Amino acid sequence: MNIRVEAARVIEPLLNQRGSLKAVLPPALERCPAQDRPLLRQLCYGTLRDLYRLEAISAVLLKRPFKPQDRDLQALLLVGLYQLRSMRIPAHAAVSETVQGTRDLQKEWAGKLFNAVLRRFQREQADIETRLEHDEQFQWNHPSWMIDKLRHNWPDHWQSILKANDIQGPLTLRVNKRLLTRDEAIDKLSQEGFEATPCTHSPHALTLSEAIDIHKLPGFDQGFFSVQDEAAQLACALLDAQPGERILDACAAPGGKLCHLLETQPSLAEVIAVEMEPSRLERVRDNLERLKLSHECVLHLGDASAHDWWNGRPFDRILVDAPCSGTGVIRRNPDIKLLRRNEDILALANLQLSILENLWGLLAPGGRLVYATCSLFPQENERIVERFVKLHADARTIPVPLSCGIERPYGRQLFPVEGAHDGFYYAILTKDA
């Protein structure tokens, strides 16, 4: 099996705006010998993370772009360039295996082209990259529309955001408070040879010094830990659920915030979790089962922008982790840069407002609603909350009690931070009694 070809087959549909890395990579990993899976994962994530730089280099090296029917070759060449530019694989092996990939794709005619292009890049890398220094997409490694939007919205932060997006995020864990304290977890991991560091803003968060297969982490399958970024862990404290209350998690998948809530507040009257996609609802169920929390929550397959699943009893607290552009988690999902389009933002904003409008009627007077996204765009965040509050006389926002991020007129915006948390947005709304 040629791992470069497997990587190209994962990347090809993404170049055609089909699927997502989370959808297409797992089947490829299953087909791959276990010893080659880390390489396949690195080739896919690394190539997509550096995509805009690699495409700029490719445009210099090629006389003409690949035809649409040769997207597999385009993907293979990008994989080859990524190896030469960013990996420690010997150059001769990277070139020969990538050239061999043209034969494995049954496009032998491209073999000589690939050999010439890759060897030219070996010889001229410094000169080529110097020529591209003033190319904005090469410099910032993001699509132009996204660069422009971030620069316009965050003139003091856009450069640090783009840089952070291109650095792989740390492996952050949430410690199951029911089973052990964070200090006990750090000691337990240390005894097993894993170095862990406590995070700053969530009392249950720690980061590992290096990424590993999470199922090899002692205690993971027993429910001691869950993978969850520190920024996402803040939702539970902001919701501030109290004993005896009815809680709704309105967009529940994959279930991290829901499980965190149940771990930290076991005395709730009822917890309802809603998710509209069956496969994503299964992920919620799997997480609940691993943590032995299934009996403490009722799952509904339903749409948060409708309420045909609702029994008419109001909720004391509602968490709305709204569908969004995902621009705050690009460092974990680099295909977002490729798959997201500028026109998506308006459609998402309309959906987000629709969800808020629908759920407001389910909140009891005096209740609290936490609105959250992993987006960096105000159009999906503070402007949604501002529009909503101006439309509803019984809606109020209260300050978000966090020390990270920056306070906004409505809510609080967190940016991705190297070695720390992802980009996130939170707003807290209360309903007049």
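Backbone N, Cα and C define each Cβ position, glycine as well.
Positions annotated as domain 'SAM-dependent MTase RsmB/NOP-type' by TrEMBL: 161-432. According to TrEMBL, the S-adenosyl-L-methionine binding site annotation covers CYS251, ALA252, ALA253, PRO254, GLY255, GLY256, LYS257, GLU275, ASP321. What TrEMBL lists as active site, nucleophile is CYS374.
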With Cβ-Cβ distance below 8 Å and at least 6 positions apart along the chain, what are the contacts of CYS251 (S-adenosyl-L-methionine binding site)? List them in sequence order. VAL274, GLU275, ALA304, VAL320, ASP321, ALA322, PRO323, ILE355
The answer, for which of the recorded positions ALA253, CYS374 has its Cβ ringed by the most other Cβ atoms inside 10 Å, is CYS374
Looking at Cβ-Cβ distances, which residues of the chain lie under 8 angstroms from LYS257 (S-adenosyl-L-methionine binding site) while being 6 or more apart from it? GLN228, ALA232, ALA235, CYS236, ASP249, LEU319, ASP321
Sort GLY255 (S-adenosyl-L-methionine binding site) into helix, strand or coil using the DSSP assignment. coil
Hey, what's the widest CA-to-CA gap across CYS251, ALA252, ALA253, PRO254, GLY255, GLY256, LYS257, GLU275, ASP321, the S-adenosyl-L-methionine contacts in the record, in Å? 13
Which are the residues of the chain, CYS251, ALA252, ALA253, PRO254, GLY255, GLY256, LYS257, GLU275, ASP321 excluded, whose CB is within 8 A of where the CB atoms of the S-adenosyl-L-methionine site average out, their centroid? ASP249, LEU258, ALA273, ARG280, VAL284
Provide the three-state secondary structure of CYS374 (active site, nucleophile) computed with DSSP. coil
Would you kindly give the Cα-Cα distance separating CYS374 (active site, nucleophile) and ALA253 (S-adenosyl-L-methionine binding site), rounded to the nearest Å? 13
